[in-house]
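K.L.:
Pulled these from TrEMBL:
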type     : residues                                    : note
ACT_SITE : 157                                         : active site, proton donor
BINDING  : 280, 290, 308, 309, 310, 311, 328, 342, 346 : CTP binding site
DOMAIN   : 5-178                                       : domain 'Flavoprotein'
DOMAIN   : 188-402                                     : domain 'DNA/pantothenate metabolism flavoprotein C-terminal'
REGION   : 1-192                                       : region 'Phosphopantothenoylcysteine decarboxylase'
REGION   : 193-406                                     : region 'Phosphopantothenate--cysteine ligase'
Ligand code: CTP
């Protein structure tokens, strides 16, 4: 299954490092070639000799080794792989990756690589739960780094909880899944898609604006997944702190009116997905200069004007209407009923309804629970259980592929 695949394996320090020898053996059994980098910590747990024997390749350990650099420079080492696998990935190496450090061969190769990276973390449960590790994982995932594990259970340190290295079979399955997705069918080749994402900023004056808490994670994940399925994707994004998804044409806008203009400029399209949290209102008369305090205690009064509804405009755009128009419905109560009414009112084909009540953690969070409403018919509702926004994007894109296939 992995014949011809080159994997750069980075072994960092951790009591579970011994399991990686089994991972090497199984990857080799499937036909993969492996070059390994052993960190100083990793070498405390497995010997270079056992890694070299199993990979049947030289093991790289030192960034300042003249022989290594002459034979295979660290840049080439990181570029010649089809996949970089960090197993086990310690809290330390994850932190260095998140910070962009490059103070040994492993971290330098990770910073220099332009290839996909899969990490298999392992650490003590409190280290895993520490806000620093949580933030590092979120940062790495927002950059597209793939992760397998850690699992829950008894830990080597005697404590119980999340932190065990994924089993070798699970790590192999994750590697296979990566290659299957990368090399797998591209059901949306030839389809043009436009996706909106993020909030909009509506200026009050040159220095102030109205915004909302949308992070753009869901829209960006959808754009990335559509591109992976072979679609030609344009992502029209409001201001977000996210990297551009790989293989996607990104247009940055600020206001709802700019977002509509950009979406219209990218029509016709086959698929349009509106995941942006567009501001419903803008300030009617934006001040040309910064509004100053009156001095006498008088307060400024802001008058609103309604913004164009991008989803409704495109859903009702006649001959230019994309074949499939999908909207979201952010609701805090009666989710399905409100979303069904919203679908009919706006005229889109599908609505993905999600609960954005403050206790749901949806806005800005990692997870999303979705009802797909594809008609007025009750049976056409589908409830997708709470899953990551990336998983929601995958489910949606495979649903879209099925839609165009039938
Ligand atoms: N939407 C849009 N343009 C707007 C407002 C919303 O394109 N000016 C899109 C959103 O991207 C989303 C859908 O419409 O796909 C529904 O957004 P939501 O905020 O749930 O609905 P609203 O239309 O704002 O309705 P309400 O605030 O009454 O719930």
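Just so it is clear, glycine is given a Cβ too, placed from its N, Cα and C backbone atoms.
From a predicted model like this one, the values you see are computed outputs, not experimental measurements.
Any idea what these are sitting next to in the structure?
P.N.:
For residue 157 (active site, proton donor), the count of additional Cβ atoms within 10 Å of its Cβ stands at 13 [all protein chains shown].
The Cβ of residue 346 (CTP binding site) lies under 8 Å from the Cβ of 309, 311, 312, 315, 327, each on the same chain and at least six residues away in sequence.
Residues belonging to the region 'Phosphopantothenate--cysteine ligase' (193-406) score a mean pLDDT of 91 in the model.
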K.L.:
What is the Cβ neighbour count of residue 328 (CTP binding site) at a 10 Å cut-off, with all protein chains included?
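P.N.:
Other Cβ atoms found within 10 Å: 26.
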K.L.:
In terms of DSSP three-state secondary structure, what is the assignment for residue 310 (CTP binding site)?
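P.N.:
DSSP assigns residue 310 (CTP binding site) to helix.
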K.L.:
Sorry to bug you, but what's the C-alpha spacing from residue 157 (active site, proton donor) to residue 310 (CTP binding site), rounded to the closest Å?
P.N.:
54
K.L.:
Over all pairs within 280, 290, 308, 309, 310, 311, 328, 342, 346, the annotated CTP binders, what is the largest Cα to Cα distance, rounded to whole Å?
P.N.:
37
K.L.:
Does DSSP give residue 346 (CTP binding site) helix, strand or coil?
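P.N.:
It is helical.
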